[in-house]
Structure formats: C-alpha cells, structure tokens
C-alpha cells in the first residue's frame, strides 16, 4: 500500500497548546476535498478564551454564496478544552453537474463575532461501485452474469441511481441503462446476452453514479472462442530476475496439474526470448523439449545461448531488457494442449532496487529522521529479508515480508538539505552489484526562524488490526518556550474522513509523549497521523508547529466472510474430494444481516484468464487511489504538513492558513507497490540436438533396412555426424543394401467384441454426465441467523455439477455495518477414479470430417481395467455408430494411466449437436458416460458485408425537417445454401463538440516547429508553421500531449524569426526579400498578419507592426479601395491561392484587408483612419463580388466581408453556393488552394455563427489529413490551423443532438423507433433481422448521426482450404509377402506419410499426431529405427503408456520447404472388427500452432473419408447398412403392416428407366407408374424421379433396367425442393421386385403377383387403418 494510493486512513494528530490568556485564536480544519453526499467532520478550536463560545458552520456555493448547502451549530466549552466538531453534508445539486471547471464551496465558521472563511474543493465522488462478473472469459452467444455493489465512501451499502454501459473492445458503448439500487441492499444483479456475431477481445462494463459521471468504475471480461482446458500449467523461474553475472543461467520449473488435482504426464516445448519494449527477440537455440513426469519438468536457459541469440552479444547490452519463457504442454494422448508464459523477468546487474516512496521528503534538524526504504525485486515485487545499510551513519536494518526496512538516523542541527544513501548488503553479491539509491531530504521550515519542532514516529511499517501501537511525539523547542506547551490535540481520519478528535496531555519537561493507539479494522487500508501545537514564540508572534506520519495497515475485510465445507461435526468437511452430482454442504460465516453473493467457477476458466477476478486487495487498491493525502508524511512547513495530509487549515490570525488545493489529484502520489506477474499466451518452436556416435554405429545403421525404401545416397543426407560418419554409412549401406533385419513385437491389444459371459453394466443403464457449466451457484444469500461470537452462519445443501474439475467458490458480502468483503476462494475438487474426458473442439464445419478423442482415465492404484467404450448414434453425425449398429470397442487401461479413443465424425446438421460416449468396466460395475454439445457451423467463411452507410442530418439533408432513406437488401448471391443471414442496422449520434476534439492530434504537429532562416521571404516561410502550431496548441490546450517544455523552445524560434525579419525591414517600414529590392505589398501584409498573431505569444514592437500598416494604406491603396502590387515576391509558391492572375485584385485586396483587420486592435491608436481605410477596401470587394467566379476568391473575399459584417443577402448566398457538396470551396486539381480556401470559408461561417453549416466543412478539412508540409504549403498550413483553432474556441458546447429515427422493416408490423440524444450520443444502437430485405428509414430532429447496415452471413469459399501451410499425403498399402509379421497379427500394412512445409524456409520442430485405425498398432522396431539410426528421420516418438497404442506422436526436427519429407512404418492388425474406423494424421508446426494439416487413411476408403451422399450442398450419412434384404416369403398382411408403419411417406410402383453410376453413389432414374400412397412429393403417375444409393449398396440392390419395383420409404429420405425431389434408398427403404406380366404366368410368381394386386387395391381404396 502506498501512502497516496487511495482514501487512506488519515490519522491526524493535531497537537495544540493551551496558552496564557490574552491573545484569543480560533481555527477550523476540514478535509481539503469534501465529497458530495458524504458526511464530513469539521474540527473547531479556540485558544486563550473564556466562557462558552457558540459556533455556527455554514457551507455556501462558490463564488456567489447565494445558497446555504449545509449549516450546523455547536458550543465550545472549557469542559472540552474548547475543542469541538460538527458534521456537514453537501447535497448533490445542479451546480455540481456542469462539466466546466473545478467545483468549490465556501466553508464559514462564526465563532461569536469572529468569522473564518475557507474555500474548499469539492469532489463529485460520492462512493464506489464494484463490479463482479461470474467469469473472466466468455464465448459468443453465452450470458454474462454480473453484480454491481453500490457503496458509499465508507464502503457501506447505499441506494442511488447509477448508469451502466457495456463497451466493445473498440470502446464503443452498445448498451446503456439507468438503474436504481434503492431497496436492493446495495447489490444489483444484472445480466447481458453476448450476441453470436460479436467482436472478440476485451469488453468492459462501466458504471458511474448519476451525480458523479466523471468517476467511472469498470470491470473487464474477455470474449473469445475457446474450450476449457483439462489442466493448468505454471511456469516458475527459481529467481524473479536474471542476474547477468550468473554462470548457471536461468532455471525454470514447469508444473502441470489436472484441474482435479492429479499430476500431468506429457511433453513440454519451451522457448525463451528477450523483450525490449514492444520488440520480442525469440532465442531459436533455446527451443527445448522437456518431459513432464508426475506433473513437473525443469529447463535451463544457459548464459551462452542467451548471449548467442542477441546482437551485440555482450552482457551489458542486455541489461534493462527482460526475458520471457513460453511453454506449451501436450498430453501423451495428444488430446489436450495448454500454453503458458512467464514474461517480464528482468535482466539485471543488481538483483534489487531501492525506493524511497515511503520516506518523508522533509526532516527536522537535530531530531531523528525515519527512513522507510522499499526494496523490490526487479519485477517490482517486495524483496523480504534483505539487509540494508545507510552510508556514513552505518545504520543497518532488514526488510520485512512487505519489502520495507525502517532506518532511523540522527540528523545534524543544520538547515541545509540532507543527503541519504542506502545500499543493500546481501551476501554473495559483489559491492559493485549491490543496489544503491540516494535521496535528498529538505529541512522543515519553522515560523520566524524559531527552534520549535515536532517529530512523530511509530514503531513498525505494516500494522495489524487488533494490536495496539505507541505513537511517539518528540518535542524540540526553545528552552524558555517549552513550558507553554501543555497538551496535544489529535484527530483520526479514515478514507479521507475525520473519524475522532481528542487530546493528549503533556507535562513540562517531557521531550517524549506516548499515545497508545489501538489499530482497528476501520483503519484499513492505511492512515495518516498529523499533529500540531501553537504558541506565542520568542518573536512574540503566534506560531503553529506540525508534523504528520503515514502508516500502512494489513489488508483484510473490515467484517468477516468465510466459505467452507460443512458436513463434519465441527462444521468442517473432512472429504478432500467429491463425486459428480453428489450433494455437499456449504457453510457461510459472516456478519449478521450481510447479503452474500456467491458463484462457483470451473478452475479451467482461470487457466485461460485470471486477470479480472474481484479480490479484496483490488477493492483496497481502488479505495487507496482516492486518497486525498499526498505524501508519506511531514511537509516543508506547518501549512505543508496539513496540505500534504489532505487537510485545510484556517485560523483567525492573519496569514495562518493553508494554501488553496489545486486539483483533486495529487501532484505525484507515492504509489502502492503491488504487482503480479501474469501469464500470457505465446507460440514457439523447437530445434533438436544430436550427440556424436562412433563410426561403427554409423556403419551398422547404414546396413539397416530403410522403411521408406530410400536410396543410400538419399538416406545419407539425413546423417549429421560429420564426413567420416557419412562415408562409413554409405560404404556399409551400399555393401549390405539387401540385408533385412526382421523385428517382431510381442504386444497384444485388447480390443474386441463384448463378451456376453462377463459381468458389465448395460449401456442403457449408464446415465451420462451432461451438465458442464463453467459457472453456477449465482445466488445471493442473506445471513439471518442470530450472531454467535459476533458471527452468523448459514448452511446450504448444494448438488455438484457433472464436471470432473476443481470448483472455486467465490463469495462477496455486503453488510450495513461492516461494508464489502471478498472471501478467500473455497476450492471443491470433484473426481472419480474411473472417468471419460471427452475433448471436443469449439466448433466444427458441416460436412467436413473431424476426429475427436475420448480419453479414459483409470486412477486406481493397482488395478488394470478392461473397459467397453461406445460412441452412441446421433443422426446429426455420420460415424460408425448407426441406427442399426453400435460402435463399441474394448480397451484395457493400466493403473494410474489413460487411453485415448479416437472417433471420426462427419457433422451433417448446423447447430448444437450432442456427442455421447459411454464406458463400462468388466466385472467391476463401474461406468461413466459423457454427453456434450458440439457446435456445428456452416461451410464457407463468415463475412461482414457493408450494405449501406448514411449520414443522418434531417435539418440539412431532409425535406421539411424529415430525412427519408431507402436501404436495399444485401446481395447474398454467394451465400452457402441452407444457412441464415443476419442484417445488423447500427445507429450512432455524432455530437459536434466531439468532432472538434478529434480535429488534429498534437502528435501530428511536431514537424511544424522549425528554425526560420534565409531572405525576407524564406524567413517568413520558416516562421509561419511555428507561429500557427503554437497558436493552435494554445487554443486546443494540447501542450500536455505535445510536451510542455517544447512551448518555450517554440517561442524562442518565433523570437528568432521576428528578429531576423527586422533585418529586411526597409526605411519605409515595408518588406521585401532583400533590402535593395522593391517593397512588396503581399509580403508586407503577410508580415502584418503573422506578427499580429505572434503578438499574443512574444513581445512585438507595435511601431514595427503599425509602420507596415501605415505603408500599406498610404502607399499601396488606391482611391477606390483596391490594393496594388508593385514588388511581386520571388517565392511565388508562398502566397497560396492569391498567386493566380484571375481576379488577383479582389483576392489581394481581401488578403490585405484581413491582415489590417487582425492588426486593428494593436494599431487603432497609431494609424489614423485605419477603420475607414479597411471599410474602403471592403466597399471595393463588395462591388466586385457579384462578378467573381473562382471558389478561392469567393472564400477569401467572403471572409473579408464577414469580418466587416457585410456577408449577407445575395452575397452570402453566392458564397454558400460556391461550396462543392456544402463542405468545401474547391479549386480544380489544386488541393492546397482548396484547403486554404475552405479554411477561409470556415472562418467566415464561424463569424456568421452558422453552426449547422460548420460540421461538414470541419469534417472535410479533417478528412484531408493535412498537417502542413511540403513545397508551397505556407498559406494552406497557416489557414487550416487558424480556422480549426477558431472552431475549437467558437463552437459552443451546444448539445444539439435530439433525433428520432424510425425503421420500417417489411417483415415487421410496426416500425422500430430510436431516439439519439446528446447524453448518450456515442451509444451504438442496433436492430437485427434474420430477413434479408430492404427497408425504409425516417429521421427527424436536430443534430447528426450515422446509419450503418451490415449483412453477416456465410459465403462460399472459392476452394476448400483444409490445410494451412503444409502439404500432407498419407498412403496405406498391404505389406509385401516377404515382410514377416508377428504371429498374432491378422494382417500387416505399410503406412506412408509425406509432408512438405509451404513457407519460405524449413519448419523446425514439427509434430505428427497419428490416430491408429481400430485394431491396428504401429511396429515399434520400425519407429525405433527411424528415431535412433544415425540417419535420423524423426527426433522422437511417443505412444500411450498403456495396452492400447492408439495414439502415436512423432516429433520431427524439421519439415523441409524444398522437398517432401517421407517416412513409412509397418502397422499390424491384431484383431478383426466389423467396420474399421478411419485413422488420421495431423501435422503442425510448433512455432505456429494454427499452421496445420489433417488427412485420413483407411484400408478400403482411399482418402479415409466416411461415406456420405450429397445433393447440392446438403449431405447425409451413408455409413449405415443398405436397405433391408426382404425375406423370401412375405404375406399380404405383413406387406400391408409394413407399408402402414408410422413415418412411411410414399408407396409407388416404379419402372427403372436407366442407371447413372459414379465413383461415390448411384442414381436410378425411375418412372412412377402408379402412386399407391401419395406422400410429401405430389408426383403424378408417368413422371420421372431420381432414387440415390451409395455405391456400396449397388450389389445388394441389384436393380435392372426395364424392370418394375414396389418401393416405399420415409419422409426423411426425400431430398431437394419441389418439383424436382429425389429419394434416398437407405436402411428404411422397401425395394421389392414386381414380376413382369409374363413372369406372373410362372407358378412360383403367381401368389406374389396376386398379393401385389390385392395390396395395391386395398391401399388405393381403403388406405392405411388408423
């Protein structure tokens, strides 16, 4: 906690002294910032008085003092030592609502007939708002639950009106609500549904009290597409810094734990890098693969790798930069991956830093000086147990847990500044590397140079509530004055408020007085102690002597709040973990009457984002930031002590008072040093290392068989052990090319059909876990039970959700007496020793094959489990699970291990679809099931297409004040079929003042500050930009942005230009490029113009300026008013649009007139008839204006006339008509002239106060992005900034935005209406419709707005991009007969994988993630050979540590970008399964995890793709069995019964005309000869229809052209749109050959033919029975 970080508890000890009677003094003390709607204490004192003294305190408005805002009375008596307090409260009123200026009040205290008055600053902050969201991260389409806690400045609940907005990551508010917390006990529960189509990134909830709109409180949350991880990764360096001299390098520990507490086994990829500001340098050589065993791994960044990776590679060049380390951990099963990062590890020469932030800046000579040093690690965290010592005085101390050490030194009796140097004395670090820092303390200044001092001290740095400390008052005074000081007065101030006032007596001769002070929770988070005494000193004048000290109090809640499990007898839950769905008891302990907001959050949420949790320390940080005290104590004199402590003091003695406080913020607060190092996501890459082997090994490996059948020469390219090894390898390889080494493996895989004789739970008895919320328990509970030991307890029974995880139960309470409290999170771990973790991606694309993995965990200590696992059928997916056939496998899981079971799916339906996997253990009656939803999205790419953008300005663009717009429907010709589109209609107001602020950013003007030089013309070219830039920055108050110190530099340059220009002044006061050249009218007028503007900035001699004015009038103005040019300038480019010969007399006369008008105020007294001569020029311009044609001339002359108030009537109309599109005065192909002319026109419009015409002109000027530069830019630069500065000054804060907008959508019966108002001008209002339709808009009212219409839809992509930056080919061939296979293997195949990286250099450290087909396992001997031969093709391989090797991960050191990298190995089938599920191969680069490619493989399906039928863009699964094979004999009744089953849609007699056979599916074109039962397709007899079947059903169907068939099927088998519907022949289709007429003569067909005739007759006549 830092001294000035928040409303600290200001404990002010005011020491005051009773004096001999005779010189009464009255004083008033208030906080120097008073807060609206808050009770504030005012301290009143009287000295040397008798009798009772009535006091009235009133608070008035400032400066008028018309209203009494608060008034209180009290009486000071001898019984209270003439010390008293009153409580005042300033109500919120309209005076305090305006945005302009600081808010002040007058506090008056009338002590009898003596009146004191003090002006005090008012803060509109009347309390705090704390916002808690249920989570820190959300997916699109989910709901944000949030609570707003409304509290006053004492953190107690308050009922007030608040405004809440929700802002996009771009800072645009899209929702704004006005809400009241009255009758809500200070807790507002709210929610917001995130749209499906939403911007990803950091969103904000912002809230403020209606009466203090500047005090905005906010909470952030992230929106992204994510899936919760199953484990967390912590990256912990052994030191928080990297010490540059450390030869050991940087050691980092990696900890990986499942969310349910078990340790992770896997592989971590680690890369280090150097961060220098925003730039990151990745250290490629540091890329390492680390095995994570039992949850931990270690990695070291060596000093050499660090130095080799940077340029220049010198240690000192790295100091000041920082290191980061990125870690990605992948489970052995390949099913999940988590990234973590530790950044900001500083590279330092000293491991510590010393700060004096908590040390006062002033000392009292000859009294102890308390030095509080904060020692931090380089990352800013406190460094405990570090010895520190002062230089010179050699005082030693040790830092405490908070990093603070206290050193007390004796100061000399001198009034000179005191230099204090402190350094660390940590063992093992050379002196040169110890941290050292020096501060300078200044002496406290006494009044009248007396020797009266007061010094306060406390024993410790961080104080704990519940203890009592002694506050020491050390007195030093003139010996003959000491006896006058009889007592001290003290007061305690909390969070900017005065809490308590009292007195502490003092006996004569006591140099030290001790005040015992109990530290209560009310003093959290920090407080100040201020003391003062007063006396008539040796100078016979009244003196005040003061001191203060700041103290930190350990953070905790003021009240109590604890959440714990509560099933044991003592209220403690003894169980370490719980089962899913189990009931458990929660106990909440807190203050009676408190309301507790609860939420349970899956810990996985905080793995992804832990940044935005509400904690008690965050609450205190907010409170600290509002502290009105500003230093760690003391002050430069008595007034400085009060002011720095946040107090205002006024006495009845002249001059005895504090100065007026300048602003609400402290000049430089001593910040509370709290910092957490956050983990961020980072991607990285890895390059492998290889250790040398002897040549014999090279030869042996050369003789080994190569699975890829590469030639010896190609294999040798993979040998990286030097020339000698390559030579040996080639020699032996060539000699023994035919050598074969047979490898056998003896491992069995337990995948088989369910054994009926073993005990196992049937699938239908397993109830799947399906409730996996990321947060729940979002309730508010009231603690009503009577208190026991001051604490109330509530017991709740809750049912846990289905997730296997750890839940963090978070609680925030709000109590009327104890305020807000955030409890420590209570963790509840949920798991079982056998379970399924079904890992699903965030979303999948319809019709695109995907692999998911169900990971089965067995946490039993010693038992292997034989498990039957089943994927359940869902018609929304194509998989090996069909309506007719289950997809089960049997796997064995070893103790404390896991097995990943892959499933290949093709999603067929858009939306949220369920995937369900169940598993049962043989002989144990243990089972688990998981049902999760998978989001299926359309093919194609989501596109945001802008349909229309319109400016809304009914007064300007409408007719009769109403603007009508017709918006067309979007062109969605490229939309993916069977997908939705959404049209978003967005409305936003454009407040005019907002446009002004956005005019030109100060940052853009840096190039304008230049040094003028050259001749009389060049000097003015150089002087112009600086003068106009300073003028602009002054007017727009942007110097803070530009750099305050730069203003003086710019003024010096202007002065220089002015002085240089005087060298070119001719004896007649005119100017030319050189003294011997003819005087120039234009240049002289321009000097007048620039000097007139500069006269506000530097000292300009009026005689110089006005002499030039006289010359222009007397020498260059003709009788008719026109000015003539007899000495043209050399640099014609500098004169802008006046340069053109056309209408030059009018434009030159206007230019001179404008210059004279701008000099008028300075020269009116020195130049006779100046006004008359200006008017004469105006007469000339006015007489010529009707004939002028050039827009430039009309603009400059228009401004000249406006200056004389003569731009009106027909002249004004001509001026306005010259504007192109009402926003610019355009000169063809002359951008600079157009900018200059439009600037003159804007100045004219501002003089006319035509604020409606102004905005489009300003907008056009802003859109030009013209910041003044380049050849010929002098006039454009000068005028654009003069005009924009004038605009900033003139455009009043006229809040003219009040517009009603109505949208009439054809699909809606009534219009949607919106009102755009100033107060919420930037609020983005939106309307959305799923219909793609044109609509009409009407707008009426004042001001401007913008309408944007955007269509969001899925557009077809030009071609399918399945792979990103990788090419991948996978082949599967039967192994040759010569290959020996293990005895148990049913068959052996060779899996070939070839891949190439499509980037411009090799992809280092890439990964092949291979799912094996059901029943197959890889040949480990082949894999060993690939990994361990001297010709290494792979870096390493990993398989599940269990009996089912169904996931294989291969690590490659690189994937070439210039040629294919190929590998192949044998895979053996150890048992047969009915349907083999395809396997998959996925390649990805470690540097960029988004770069990936997946291909499938299968022994029968060439590309490993599941069978599906597609019609246009709609696909359906064809993996199910073909239609039912009919029994040989079927009766009439059976036929009728089957045809009348529910769902049968049609019954036809058909004739097959022709067959169209293809590689995927067959189409049969049939004639519908008779409609026996009509269905959804209203087909007539004689029409043709297509019947579609998958190729694999061709043989089973065996249809013949020209033959007749009886066919019926389900409505779900109809496809396409009327009138051209197609029919699927699937498992539910009836296909029966109908014998031809001649075939019916045969005896074997007679009965069938008769039955078919009767069947047809019954169906047609009677239909189906009900």
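For all residues, glycine too, the Cβ spot is worked out from N, Cα and C.
Long-range Cβ neighbours of residue 70 (phosphoserine) (same chain, at least 6 residues apart, Cβ-Cβ under 8 Å): 57, 58, 59, 88, 89, 90, 91. Marked as phosphoserine by Swiss-Prot: 70 (among others).
The number of other CB atoms found within 10 A of the CB of residue 296 (phosphoserine), across every protein chain shown, is 17. If you look up Swiss-Prot, you'll see 296 (among others) marked as phosphoserine, on the strength of similarity to another entry.
Taken from Swiss-Prot, the feature phosphoserine applies to 302 (among others), supported by similarity to another entry. Around the Cβ of residue 302 (phosphoserine), the number of neighbouring Cβ atoms within 10 Å comes to 15.
In the structure as shown, the Cβ atom of residue 666 (disulfide bond) sits within 10 Å of 19 other Cβ atoms. Annotation comment: Swiss-Prot describes 630-666 (among others) as disulfide bond.
Residues or ranges marked as phosphoserine by Swiss-Prot: 676 (among others).
Mean pLDDT for the domain 'Anaphylatoxin-like' (698-733) in the predicted structure: 77. Feature annotation from Swiss-Prot assigns domain 'Anaphylatoxin-like' to 698-733.
According to DSSP, residue 725 (disulfide bond) sits within a helical segment. Taking all protein chains in view, 23 other C-beta atoms sit within 10 angstroms of the C-beta of residue 725 (disulfide bond). Positions annotated as disulfide bond by Swiss-Prot: 698-725 (among others).
The annotation disulfide bond is assigned in Swiss-Prot to 699-732 (among others) on the grounds of similarity to another entry. Secondary structure at residue 699 (disulfide bond), as computed by DSSP, is helix. Listed in sequence order, the residues of the same chain lying 6 or more apart from residue 699 (disulfide bond) and placing their CB within less than 8 Å of its CB are 728, 729, 731, 732.
The feature disulfide bond is assigned by Swiss-Prot to 712-733 (among others). In the three-state DSSP scheme, residue 712 (disulfide bond) is classed as helix. A simple way to gauge crowding: the CB of residue 712 (disulfide bond) has 18 other CB atoms within 10 angstroms, across all the protein chains here.
Annotation comment: Swiss-Prot describes 878-1517 (among others) as disulfide bond, evidence class similarity to another entry. Under DSSP, residue 878 (disulfide bond) is assigned to a strand (E or B) in the three-state scheme.
Feature annotation from Swiss-Prot assigns N-linked glycosylation site to 944 (among others); the stated evidence is sequence analysis. A strand conformation is recorded for residue 944 (N-linked glycosylation site) in the three-state DSSP classification. For residue 944 (N-linked glycosylation site), applying a Cβ distance below 8 Å and a minimum sequence separation of six or more within one chain yields 1350, 1351, 1352.
Long-range Cβ contacts of residue 973 (phosphoserine) within its own chain (separation 6+, distance under 8 Å) are none. Taken from Swiss-Prot, the feature phosphoserine applies to 973 (among others), supported by similarity to another entry.
Proximity of residue 1163 (disulfide bond) to non-local residues of its own chain (separation of 6 or more, Cβ distance below 8 Å) is seen for 1102, 1105, 1106, 1109, 1170, given in sequence order. What Swiss-Prot lists as disulfide bond is 1106-1163 (among others).
According to DSSP, residue 1326 (phosphoserine) is assigned to a strand segment. Around residue 1326 (phosphoserine), the C-beta neighbours below 8 angstroms that are at least 6 residues distant in the chain are 174, 984, 985, 986, 987. Per Swiss-Prot, phosphoserine is recorded for 1326 (among others).
Taken residue by residue with DSSP, residue 1493 (disulfide bond) is part of a strand. Cβ neighbour count for residue 1493 (disulfide bond): 18 (other Cβ atoms within 10 Å of its Cβ, all protein chains included). Per Swiss-Prot, disulfide bond is recorded for 1363-1493 (among others).
The disulfide bond annotation in Swiss-Prot covers 1394-1462 (among others). In sequence order, 708, 710, 1392, 1393, 1394 constitute the residues six or more apart from residue 1462 (disulfide bond) in its chain with CB-CB distances below 8 Å.
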Spatial neighbour of residue 1664 (disulfide bond) that is closest, considering only the recorded positions 630, 666, 725, 1620 and their CA atoms:
1620
What does DSSP call residue 296 (phosphoserine) in the simple three-state scheme?
strand
Disulfide-bonded residues listed as 698, 732, 1106, 1593, 1640, least Cβ neighbours within 10 Å
1640
Let me know the DSSP-derived helix, strand or coil state of residue 1664 (disulfide bond), please.
coil
Simplified to three states, DSSP reports residue 630 (disulfide bond) as coil
Helix, strand or coil for residue 1462 (disulfide bond)? Use DSSP.
strand
Simplified DSSP label at residue 1363 (disulfide bond) comes out coil
For residue 1363 (disulfide bond), which residues in the same chain are close in space, meaning a Cβ under 8 Å from its Cβ, but six or more apart along the sequence?
1492, 1493, 1494
Argmin Cα dist to residue 1640 (disulfide bond) over the recorded positions 296, 630, 1540, 1576 returns 1540
CA-CA, which of the recorded positions 296, 712, 1540, 1620, 1649 lies nearest residue 878 (disulfide bond)?
1620
Ranked by the number of other Cβ atoms within 10 Å of their own Cβ, which of the disulfide-bonded residues 630, 1649, 1664 ranks first?
630
Taking only the Cα atoms, work out how far residue 698 (disulfide bond) lies from residue 296 (phosphoserine), in Å, as a whole number.
35
Roughly how many angstrom lie between the C-alpha atoms of residue 1540 (disulfide bond) and residue 725 (disulfide bond)?
79
Within 10 Å of the Cβ of residue 1620 (N-linked glycosylation site), how many other Cβ atoms can be counted across all chains shown?
11
Rank aside, I only need the closest one: which of the recorded positions 296, 302, 725, 733 has its C-alpha nearest to that of residue 1593 (disulfide bond)?
733
What does the structure give for the C-alpha distance between residue 630 (disulfide bond) and residue 725 (disulfide bond)? Integer Å is fine.
74
